[in-house]
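Swiss-Prot lists 66-95, 197-216, 258-316 with the feature region 'Disordered'. Per Swiss-Prot, compositional bias 'Low complexity' is recorded for 85-95, 272-292, 306-315. Feature annotation from Swiss-Prot assigns compositional bias 'Basic and acidic residues' to 201-216. The annotation domain 'Protein kinase' is assigned in Swiss-Prot to 440-720 on the grounds of sequence analysis. Annotated ATP binding site per Swiss-Prot: L446, G447, R448, G449, G450, S451, S452, R453, V454, K468, in sequence order, evidence recorded as sequence analysis. Sequence annotations record features per position, and here Swiss-Prot assigns active site, proton acceptor to D563.
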Amino acid sequence: MSTNSFHDYVDLKSRTNTRQFSDDEEFTTPPKLSNFGSALLSHTEKTSASEILSSHNNDKIANRLEEMDRSSSRSHPPPSMGNLTSGHTSTSSHSTLFGRYLRNNHQTSMTTMNTSDIEINVGNSLDKSFERIRNLRQNMKEDITAKYAERRSKRFLISNRTTKLGPAKRAMTLTNIFDEDVPNSPNQPINARETVELPLEDSHQTNFKETKRNTDYDSIDFGDLNPIQYIKKHNLPTSDLPLISQIYFDKQREENRQAALRKHSSRELLYKSRSSSSSLSSNNLLANKDNSITSNNGSQPRRKVSTGSSSSKSSIEIRRALKENIDTSNNSNFNSPIHKIYKGISRNKDSDSEKREVLRNISINANHADNLLQQENKRLKRSLDDAITNENINSKNLEVFYHRPAPKPPVTKKVEIVEPAKSASLSNNRNIITVNDSQYEKIELLGRGGSSRVYKVKGSGNRVYALKRVSFDAFDDSSIDGFKGEIELLEKLKDQKRVIQLLDYEMGDGLLYLIMECGDHDLSQILNQRSGMPLDFNFVRFYTKEMLLCIKVVHDAGIVHSDLKPANFVLVKGILKIIDFGIANAVPEHTVNIYRETQIGTPNYMAPEALVAMNYTQNSENQHEGNKWKVGRPSDMWSCGCIIYQMIYGKPPYGSFQGQNRLLAIMNPDVKIPFPEHTSNNEKIPKSAIELMKACLYRNPDKRWTVDKVLSSTFLQPFMISGSIMEDLIRNAVRYGSEKPHISQDDLNDVVDTVLRKFADYKI
């Protein structure tokens with residue numbers, strides 16, 4: 001065999017093997033299920049055949065080259081060329097380069113010629129010619145070996161991918177299963193696909209085939225084992241793995257096929273049952289459909305005997321039973337054939353559903369098939385119910401096909417309780433509150449207390465307001481009077497800038513809505529934010545003055561607030577305003593105090609006189625007055641002094657007491673309020689500030705300062721005197737004393753008053 005013919009043969013063989021292992025072949029028939037075992041066995045046998053063929057071809061090439069070498073040596077017998085090819089002819093073909101490569105599935109190192117015995121004569125031209133021939137032959141061998149190794153590696157990669165992954169699986173329809181037989185069934189010979197006739201047979205290949213023939217694995221029961229686990233369990237040789245794998249996958253394929261047949265049979269049964277039950281209206285139509293069913297049964301594809309084989313029989317039985325049921329009208333409703341057959345179908349459907357549950361993981365379209373099956377079950381039940389209804393009607397009168405209309409339901413009288421419409425009510429949206437036909441949208445909850453809540457709302461034009469919602473007992477006259485009094489006071493102080501403005505209000509059954517200005521922050525929030533910060537008397541002086549201005553407006557209007565606390569002073573656009581006149585009341589013109597029958601105010605800021613009962617008179621008619629509480633303008637000044645005390649010391653005067661002890665401490669005159677000169681952070685407190693707090697916190701209401709006097713105190717109106725003025729004052733005082741060593745008390749008082757009048761010009 002020449003070199004060109006050898007190359008052509010190797011190329012042809014490579015293309016043949018490549019086509020065998022390729023996945024891109026053209027399918028003329030519907031795609032089949034993959035057979036991993038068949039592919040593995042075919043690859044093993046083809047590999048062994050190709051190895052033998054390659055070894056024989058390589059032996060022929062080696063012998064051919066050896067004969068050429070001998071002929072050349074006979075024609076030119078140089079004495080030094082006797083052992084030229086001894087390295088290749090002394091061993092068998094299996095020890096050559098090709099034999100080593102084929103037996104080991106990887107490329108070995110290139111062999112070199114044994115030229116230890118060759119004697120080279122450099123001066124002889126004939127030796128040079130033979131040397132070139134020998135080099136040419138060696139290059140040719142290396143070229144052939146390299147090409148063969150490259151093709152061999154390509155075939156190995158293709159075959160390895162095919163045997164591991166197998167050809168691509170393709171979904172099969174039920175029609176393909178019934179119209180054509182499944183290839184590679186267990187009865188088919190294993191070597192049916194081997195069509196290549198090998199010219200040479202090796203003993204290794206013959207023994208391999210005989211081993212496959214002699215071993216009988218038809219009765220294998222794998223159970224839950226795979227082929228590899230089965231071989232390990234029974235200590236079988238690994239050479240039998242392809243055959244066992246093929247048997248394993250053949251059995252799996254047969255089980256899938258049987259499962260598909262059973263599923264198809266159950267669908268066919270349901271479909272035919274539905275079509276039969278829907279044809280109960282006409283006897284002629286039933287006869288025609290019997291003929292069509294008979295013709296359809298004759299044209300059905302050949303399949304194995306399974307549950308589907310009884311589907312056509314069951315459908316014919318259903319039709320015959322339905323005919324008999326229509327012809328015989330004396331049968332009872334519940335013992336009629338249609339009920340019996342329906343029960344039989346239900347039992348078959350239950351058994352089929354159990355089988356489908358087992359095969360759910362095998363079918364590739366299980367979910368879709370189950371949905372279709374459920375729809376068919378529903379349609380079948382509806383059709384059977386219609387058939388039973390029609391059968392009952394036909395048993396009575398075959399000419400009547402309509403139902404008697406149902407009787408009208410008895411007329412019942414309904415009693416509706418209509419609630420009175422509220423002028424201010426919640427709309428369908430819980431965030432919308434309507435007050436006097438104006439809608440307000442709730443934004444957030446600002447605060448709550450008792451039975452009232454204050455919301456931040458948004459009205460027309462995106463303006464922000466404060467909405468106070470108060471719920472009360474509609475039959476409590478005192479509550480209603482209190483709310484009316486608050487509204488009257490706000491109406492009275494409507495034009496005052498230091499009082500929160502009442503914009504709108506509405507009182508319904510048990511609900512009161514007040515629309516007022518919305519503040520940015522209250523004084524309690526400001527004090528909490530400044531807790532822990534260094535004491536700033538300018539801050540204390542500013543907010544004390546703002547607070548007193550609000551109280552002055554209320555007192556000038558003859559009103560006692562009675563519940564002054566930091567939370568009732570709100571900043572509205574930078575101006576501090578007073579709010580919450582819920583328990584305030586006007587002071588009669590003939591007195592400075594008012595009396596209440598209930599305790600009012602916040603305990604931390606309540607005056608002692610608001611807690612101590614008055615000494616009632618001896619008059620029996622006025623004994624009930626001993627339970628009343630005395631409140632007046634001085635009570636508001638006590639509350640104001642408590643707020644100033646909290647701004648300086650960080651807590652109210654009686655803040656160290658808890659619960660009931662706090663009330664007892666306020667009423668007990670022996671419990672003195674401390675006024676330290678330094679704070680807890682060792683910050684010095686001016687004497688003017690201590691003097692102001694003491695003036696507001698006298699236990700005797702008559703000794704407390706009024707609002708006007710507190711506003712004119714030295715703490716709020718300090719002197720701003722420079723150093724030069726103080727120097728001039730000292731010089732003048734010394735000069736005046738030296739000139740008049742003896743001065744009377746009256747003259748001294750006149751001098752002091754004059755100096756103070758001049759200092760008044762330097763007040764802030």
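Using the three backbone atoms N, Cα and C, a Cβ is placed for every residue, glycine included.
Positions of Swiss-Prot features highlighted on the structure.
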residue	record	CB count, 10 Å
L446	ATP binding site	17
R448	ATP binding site	11
G450	ATP binding site	9
S452	ATP binding site	17
V454	ATP binding site	21
D563	active site, proton acceptor	20
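Same-chain neighbours of the ATP site beyond L446, G447, R448, G449, G450, S451, S452, R453, V454, K468, judged by a C-beta within 8 angstroms of the site's C-beta center, are, in sequence order, R469, V470. Looking only at the domain 'Protein kinase' (440-720), the predicted model's pLDDT averages out at 83.
Across the fold, the C-alpha of R448 (ATP binding site) and the C-alpha of D563 (active site, proton acceptor) stand 16 Å from each other.
A separation of roughly 19 Å, to the nearest angstrom, links the Cα atoms of L446 (ATP binding site) and the residue listed as 'active site, proton acceptor'.
Of the recorded residues, G450 (ATP binding site) and D563 (active site, proton acceptor) place their C-alpha atoms 14 Å from one another. Separating the Cα atoms of S452 (ATP binding site) and the residue listed as 'active site, proton acceptor' is a whole-number distance of 16 Å. When the alpha carbons of the residue listed as 'active site, proton acceptor' and V454 (ATP binding site) are compared, the span between them is 17 angstrom. Residue pairs drawn from L446, G447, R448, G449, G450, S451, S452, R453, V454, K468, the listed ATP binders, are separated by up to 14 Å at the Cα level.
In the three-state DSSP classification, D563 (active site, proton acceptor) falls within coil. When secondary structure is read from DSSP and collapsed to three states, G450 (ATP binding site) falls in the coil class.
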